[in-house]
Amino acid sequence: MVSAQEVLEIIPKFTGGLSFVFSLSTASYIIFFSEDAKRGFYNRLVVGMCFADMLSSLACFFSTWPMPTDSDAIFAAGNETTCRVQGFFTQYGIASQLYVASIGAFYLLAIKYGWKERHFTKWGPLFHLIPVGFGLGSSITVTALDIIGPANLWCWIAPQEDRPELDVNPYRMALFYAPLWAAMVFVGVNLIFVFLYVHRVTKVAEGHVTKWMPEETAKVISQAAEVNNGKDEIYCGQDISTDSSSREDTEIHQPLEDSARTSPSEDAENGEVGLSSIVRNKQEEQIKMYARRRRQIAYQCLRFALAFYITWTPLSCVRILQLFERPVPHGLLVMSAVMTPLQGLPNLLAFLYPMMRKKWRRRNRAQKDNQKNGKEAMEESTPKAKATSQPPPICYKKIRGIHGSSAWGISMGHQHTHDFQLSSDSDEQNDIYTRPELYFMRKK
């Protein structure tokens, strides 16, 4: 019978392998199949996160295999070198969590502060330097300090048999759990700021009144919305404004600002009655579009945050219970063994959701259009069928023949009225209708 410890050691072999495949699929889609997506800064962050996920998931996939054979671990088939290599990449997995924090900062700066692509290009190295730098630095540190060893499910920072006095808990806290929890708090605070801003903009858009906002705020939102119109870059189904210089923004929106400050009386004096209302309506439309796009992007940010919390909350709970020397439930250990290596799946779902939703809506719209067109075609064909099944109606044309021609041998002035039965579909150019005298001659 399989023991509980064996179950915990077998689970990462499946979840780690699946996570590696899912992270590889996400990165491959962006690099090889998404022409619009791979040029965006956001997608470069996602690719960096996926590569960190792949390395840590692959390390979790091997589970206890790289551990030395003389250890007490089940299925151990390695040595000290293989254990150090696994511990190096396990520690590098912290870069994936820091990449999630970088993505959260990206959403906050793009949505609330209106950063353009040029801003992210300028400061982009910092978004990659912190995750990669800390991941590599901490991995090199634990390897140099020689504190890697068998740690339950895989090789990581563990107590050393030749140095029993060494306490490794401070290293675990400083190099992994503290950055992890800091990233969780940072992502949560970003979400709060993002949704507060989106709620305020949505409230203004739904009220159709820009006066609820300060003049400067409404002006900035209107400018951003107009600049974004037709100049958006798609980030996995979400719209984020691309680069545009501040001088162009000023040139575009200077007429809008001047018109917005014009009062109705001034418009009447200038012969431009209604110009302010037109500009105001335009601003309201821009604000509604701006709010709708920001709301969609905020939900995408929320999806990535939920994937992050779902993955690392069980392991964090285990560590907190261990710090307070509380017993850890076996179910919580199983959940940690499942979710921690499986970080690639929630990230893939969060990444693909906007595109799948767009394709699903497009498919439903096409089906509805086909049904509507088919119904209209049936309605158009039904009257024609009824018309062809019934005999054509009969109409009567009165043709007055003037019998005065000497060729007919009838006295002048004698008139007869002849009724001819004609079909409704008879040709109007028929001689019976247009030249009745020829018909009379033939009858004669």
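Cβ atoms are placed via backbone N, Cα and C, with glycine included.
Under the heading compositional bias 'Basic and acidic residues', TrEMBL lists 245-260, 366-383. Positions annotated as region 'Disordered' by TrEMBL: 238-275, 362-393. Under the heading transmembrane segment, TrEMBL lists 14-33, 45-65, 94-115, 127-154, 174-198, 297-321, 333-353.
When the stretches 45-65, 127-154, 174-198, 333-353 are ranked by Cβ pairs under 8 Å to the transmembrane segment (297-321), first place goes to 333-353. Tallying C-beta pairs under 8 angstroms between the transmembrane segment (127-154) and each of 45-65, 174-198, 333-353 places 45-65 first. For the compositional bias 'Basic and acidic residues' (366-383), DSSP puts the residue distribution at 18 helix, 0 strand, 0 coil. Residues 91, 94, 97-98, 100-101, 104-105, 107-108, 111-112, 134, 138, 141-142, 157, 291, 294-295, 298, 301-302, 305, 308-309, 312, 316, 319 of the same chain, all 6+ positions outside the transmembrane segment (174-198), place their C-beta atoms under 8 angstroms from a C-beta of that stretch.
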